[in-house]
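**Q** First, the structure itself, so that you have it in front of you.
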C-alpha cells in the first residue's frame, strides 16, 4: 500500500508539481538561507557574464531541489537539461549529454550520488576545466580524443550527500542544504496551491494541514488533495480546521505528523527494546523495512521532531515519544 506520507513522488504528482513550480527566487517560498546566497551568486555571475559555479543541493526528498534547479536556470536566463544518476549508465551517455550543451546551459543531475564511478570520473575535468578526454575504438586501434566543452553549470541533487566521493563534492563551488520547512512557510504553500486549483480553505485549516505535513511541501500538497476530497463528500466543499482534522485522522496522520509506520518504529523500540539503544539493522528487520528506507525516509523526521536520538550505541527513543504514545517513561534508559 502506498504511504500517504511518502516523500517520493506518487502517481501523477510530477505533473502536478510542474504546475505549481515557481519560476523565480522571489516566488519561491521558504529555504531563505539558500535563496539569499543564490541571489548574490547568480547576480554576480550575470554581471561578470560568466557561468555560475557548480551547485550541489542536498536534503530529504520533496523539499524542492528539482524546483530550485529550474529556478536557478530561469534566473540565469539559460536552458536546463535534466537527467538523473541512474539514467547515466555508461560514459558514452554522459559524453553525449555534455557534447549537447550550449554556453551557459545548466545541466541538472538528480540523484547524482547514484552515478557509476566510471561516469563520475569523466565529470571531474568537465566541471573543473570544461573539457573531456575519451577513448575511441578498442585494442591497438584505440585513441584518445580531446573534446572542449562550453562553460556550463552543473547542478547536482542528492538525498545522500555523504555518498558523494570527495573529488566530486570538492568540485561544487556552491552547496545548498534544503531543510525541512517551517509551518508558516508550508501554510503559505498550502494556500498558494489551494488558490491555483480553485479550492476554498480557511487560513486556520491551512495551518493545521501544514503543521502535520512533516515540513515537506510535497506531502502538504498531497494531503491537501485528500482533505479536499473529504470536504467535498463529507462537507460543503469548504476546507475548515474540523474537516482537516477529521480527514487527516482518517488517513492515520496524527497531531505530530506521524503515521502508522512512524508509530510502529517507536512502539517497537519501546516495547521490544525498552527504548533502546537498538541498531538500525536490527530495527529494520523487526519492522520488516529495508535499512536504507528506515534511514532515509523515516528516521530524519523522527530525529528532527525529537522522538529518537542517534547515539554511539544505537537509536534511542526520547521522553517526548513516550509521552506522545502514552507510555510511562523510565529515566534509567541508557543513552
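Heads up, the Cβ atoms here are built off N, Cα and C, so glycines get one too.
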**Q** Among 214, 218, 222, which residue does Swiss-Prot name as a further ATP binder in the site formed by 20, 21, 62, 65, 66, 67, 128, 129, 130, 171, 181?
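**A** Swiss-Prot names 218 for this ATP site.
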**Q** Over all pairs in 20, 21, 62, 65, 66, 67, 128, 129, 130, 171, 181, 218, the listed ATP binding residues, work out the largest Cα-Cα distance in Å.
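**A** The span, Cα to Cα at its widest, is 37 Å.
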**Q** I'd like to know the mean pLDDT over the region 'Large ATPase domain (RuvB-L)' (1-181).
**A** 88
**Q** According to DSSP, does residue 315 (DNA binding site) sit in a helix, a strand, or coil?
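**A** Once the DSSP labels are grouped into three classes, residue 315 (DNA binding site) ends up as strand.
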**Q** How does the region 'Head domain (RuvB-H)' (255-335) divide up by DSSP, counting helix, then strand, then coil residues?
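**A** Within the region 'Head domain (RuvB-H)' (255-335) the tally stands at 40 helix, 9 strand, 32 coil.
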**Q** For residue 130 (ATP binding site), list the number of other Cβ atoms lying within 10 Å of its Cβ atom.
**A** 17
